[in-house]
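As given in Swiss-Prot:
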SIGNAL    1-21  signal peptide
DISULFID  C52-C66  disulfide bond
DISULFID  C65-C78  disulfide bond
Amino acid sequence: MKSIVFVALFGLALLAVVCSASEGAHKELLKEVVRAMVVDKTDAVQAEERECRWYLGGCSQDGDCCKHLQRHSNYEWCIWDGTFSK
């Protein structure tokens, strides 16, 4: 009877160790995924930084504005030039 109780307690202890190790591995995997998402987000933001200015972005000439934008005649910002494209 004592040996059965000992085996049961040993089994529960072993199960607790395995579960905690699995939980630690899961947390590490989650951290890696979050880091990858943050790095991807940072890279995406850097990729969006372009040499041209977006709508209502400050500019000094038409060449500073992105496609289909032009410099406003009175203000130094980019506005839509009235053209369309596919």
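A Cβ is built for glycine as well, from the same backbone N, Cα and C atoms used for every other residue.
Source: prediction; values computed, not measured.
C65 (disulfide bond) and C52 (disulfide bond) have their C-alpha atoms 5 Å apart, to the nearest angstrom. Summary for the disulfide-bonded residues C52, C65: the Cβ-based neighbour count within 10 Å is maximal at C65.
Sorting the disulfide-bonded residues C66, C78 by the number of other Cβ atoms within 10 Å puts C78 first. Taking the Cα atom of each, C78 (disulfide bond) and C66 (disulfide bond) are about 8 angstrom apart.
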